[in-house]
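Novice: Encoded as structure tokens, here's the structure I'll be asking about.
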Amino acid sequence: MGRGSGTFERLLDKATSQLLLETDWESILQICDLIRQGDTQAKYAVSSIKKKVNDKNPHVALYALEVMESVVKNCGQTVHDEVANKQTMEELKDLLKRQVEVNVRNKILYLIQAWAHAFRNEPKYKVVQDTYQIMKVEGHVFPEFKESDAMFAAERAPDWVDAEECHRCRVQFGVMTRKHHCRACGQIFCGKCSSKYSTIPKFGIEKEVRVCEPCFEQLNKKAEGKAASTTELPPEYLTSPLSQQSQLPPKRDETALQEEEELQLALALSQSEAEEKERMRQKSAYTAYPKAEPTPVASSAPPASSLYSSPVNSSAPLAEDIDPELARYLNRNYWEKKQEEARKSPTPSAPVPLTEPTAQPGEGHAIPANVETSLPETDPQAVTAAGAAFSEQYQNGESEESHAQFLKALQNAVTTFVNRMKSNHVRGRSITNDSAVLSLFQSINTMHPQLLELLNQLDERRLYYEGLQDKLAQIRDARGALSALREEHREKLRRAAEEAERQRQIQLAQKLEIMRQKKQEYLEVQRQLAIQRLQEQEKERQMRLEQQKQTIQMRAQMPAFSLPYAQLQAMPAAGGVLYQPSGPASFAGTFSPAGSVEGSPMHTMYMSQPAPAASGPYPSMPAAAADPSMVSAYMYPAGAAGAQAAAQGPAGPTTSPAYSSYQPTPTQGYQTVASQAPQSLPAISQPPQSGTMGYMGSQSVSMGYQPYSMQNLMPTLPGQDAPLPPPQQPYISGQQPVYQQMAPSSGPPQQQPPVAQQPPAQGPPAQGSEAQLISFD
């Protein structure tokens with residue numbers, strides 16, 4: 001699309017409007033000029049015209065075909081390349097098959113026929129000729145062909161030539177010297193040699209374009225002073241016999257010159273008489289209507305004695321045949337001076353023509369002799385009076401009707417004057433003696449200024465209406481441009497709104513994505529917190545379970561004695577040590593000596609629990625679960641036995657190797673222990689130690705055990721991967737008990753006499769094992 005696409009579209013719409021009654025050749029020629037000047041590309045122009053050709057309205061299609069015909073004839077090869085191809089021919093054939101309008105069909109056939117004849121010698125346009133032949137074979141009837149319709153004489157601008165130096169001054173082109181092309185000859189020039197600008201009418205370029213100096217001089221040479229050469233004349237005129245004839249006007253003979261001079265004199269005479277009669281008429285008119293007397297066209301003639309000093313012209317009649325008044329009209333100087341004064345003075349309005357024109361003979365026929373008597377003598381006066389009335393009516397505003405009457409009266413007067421002159425010429429009578437001719441001449445001469453004024457008024461009105469038409473066209477173009485600008489503005493606003501909406505959608509999407517990310521993060525944090533809470537709850541539950549398990553295990557590890565301490569006191573002294581209930585109150589069914597577990601968790605737990613309702617081996621364990629084969633006491637071997645047991649396996653803590661860990665064994669009660677004590681426990685005779693405590697009343701007995709504390713209780717807690725302790729070794733006499741090794745420093749160590757120990761029986765452990773009662777320090 002070229003630079004003038006908007007103008008081209010408007011012109012094309014105007015040239016193909018369905019409201020047209022005839023072809024708009026002005027718009028079509030402007031379209032051709034736009035294409036030839038290069039303002040509109042040929043491809044774009046032809047495609048736009050094709051769209052109009054395919055319009056449903058047959059009038060638009062017909063006018064579009066007219067535009068295409070003119071463009072092909074006037075715009076040269078570029079348009080020919082776009083039209084004379086297979087695609088365009090196929091489109092025209094399809095349109096011919098679809099179209100039902102006769103005029104459009106005939107126009108398509110006419111164009112194909114004309115193009116086939118015009119491009120018959122062009123090999124690259126052979127498709128047009130082939131299409132024409134195919135359509136003839138198919139039976140299409142083409143209209144009558146005229147060879148003049150296929151004359152395509154459209155000159156186009158030459159192609160530009162490329163070179164490295166100026167075509168005129170041979171200057172090499174470089175960075176500072178730019179290339180320029182002449183639009184007239186197509187050669188390449190520098191800036192100095194192509195500094196002129198001119199229009200090129202032969203190429204249809206009506207705007208000033210860059211041309212070289214020789215082409216500028218050739219295009220703008222002066223026409224005056226230069227005769228047109230024979231090469232500029234058309235060849236038809238040069239070959240015709242008219243060119244051989246002389247072009248000078250024929251010479252006039254003496255007789256014709258004399259008749260011309262007589263006619264001029266007669267006209268002058270009639271003008272003088274008409275002026276005199278007009279002056280008299282105005283006097284009478286102003287007497288009836290008192291008004292200011294207007295300035296007459298020319299003052300009355302002065303006396304002949306004071307004006308005429310030159311002799312009478314030889315061409316005038318003889319003195320005895322001419323009256324004295326006629327003699328003064330023969331003075332040429334007088335009439336020349338009279339004409340100068342008439343030009344300087346204002347001329348009155350033309351008179352109103354007669355309502356009933358005078359009778360006149362048929363035009364072009366000879367007038368008989370008696371016609372002269374048929375003309376009334378009052379015709380000049382009547383015509384003059386009518387002219388005055390017309391001037392008054394015209395000044396009062398009756399323009400159209402007055403113009404028509406004036407033109408009709410003038411036509412009648414001129415016709416009568418011509419017929420009278422012809423009649424006098426046929427009869428050989430001099431016009432100077434015909435008063436009717438003189439009066440008619442006077443009336444026509446009087447109406448002549450009014451006719452000129454009327455022509456001027458009509459020209460002014462024509463110019464005025466043409467100006468209005470131009471303004472209307474400008475307004476129409478401005479409205480079209482304004483509508484286009486409004487449409488562009490609306491489109492711009494729509495695009496801006498779409499862009500704003502798109503930006504808003506993008507921002508909303510971004511915000512939504514950010515909120516989604518925040519939500520995901522929040523949900524992830526909540527999930528982590530929930531998992532952490534679940535883990536904490538699970539850990540707490542596991543800890544509670546572990547504590548419960550530890551409690552159960554610790555309870556299971558604690559020995560439960562169902563025999564009261566009173567029964568132990570009744571036991572014989574030879575069977576074992578008597579434990580006196582000299583500690584704090586103990587719970588039934590449990591073993592809790594005073595001072596042994598104070599401050600430990602087990603002490604607090606047992607002290608806070610209520611007394612069980614029934615006595616048994618252990619509150620949380622059923623009595624039936626007690627195994628009678630288990631030993632009924634903790635076994636604490638001597639130091640040598642403890643070292644030997646520690647060396648046998650990795651079990652047990654390494655911090656206190658002097659003792660071996662105990663293994664809790666549920667017992668059946670103190671009855672079994674008391675019954676077996678005289679057999680398993682050796683006789684211990686040791687003086688009482690100060691600082692030792694035990695359930696022996698006033699006698700203190702030292703036992704072979706380590707003090708019971710929380711540090712020594714740690715290895716027995718669950719969760720320690722400690723194997724079971726080695727089996728208890730029997731007590732060996734002669735060794736020092738463990739409690740003497742760990743005795744407090746307040747007293748000297750006590751010597752323990754050897755005690756005879758019997759080996760355990762091979763029977764059940766409840767009957768053959770040696771039991772020792774635990775004493776807490």
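Glycine residues also receive a Cβ, built from the backbone N, Cα and C atoms like all the rest.
Okay, these came from Swiss-Prot:
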- 160-220: zinc finger (ZN_FING)
- CYS182, CYS185, CYS212, CYS215: Zn(2+) 2 binding site (BINDING)
- 223-319: region 'Disordered' (REGION)
- 225-541: region 'Interaction with SNX1' (REGION)
- 258-277: domain 'UIM' (DOMAIN)
- 338-370: region 'Disordered' (REGION)
- 443-541: region 'Interaction with SNAP25 and TRAK2' (REGION)
- 452-570: region 'Interaction with STAM' (REGION)
- 478-777: region 'Interaction with NF2' (REGION)
- 645-698: region 'Disordered' (REGION)
- 659-698: compositional bias 'Polar residues' (COMPBIAS)
- 712-777: region 'Disordered' (REGION)
- 730-739: compositional bias 'Polar residues' (COMPBIAS)
Novice: Quick one, of the binding-site residues CYS182, CYS212, CYS215, which Cβ has the fewest other Cβ within 10 Å?
Specialist: CYS215
Novice: Please work out the number of neighbouring Cβ atoms within 10 Å of the Cβ of CYS185 (Zn(2+) 2 binding site), leaving out its own Cβ.
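Specialist: A count of 18.
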Novice: With a radius of 8 angstroms around the mean position of the C-beta atoms of CYS182, CYS185, CYS212, CYS215, what other residues of the same chain does the Zn(2+) 2 site pick up?
Specialist: ARG183, ALA184, GLY186, GLN187, PHE189, SER194, VAL211, GLU213, PRO214, PHE216
Novice: What are the helix, strand and coil residue counts for the zinc finger (160-220) according to DSSP?
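Specialist: With helix first, then strand, then coil, the zinc finger (160-220) has 10 helix, 18 strand, 33 coil.
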Novice: Looking only at the domain 'UIM' (258-277), what is the mean pLDDT?
Specialist: 80
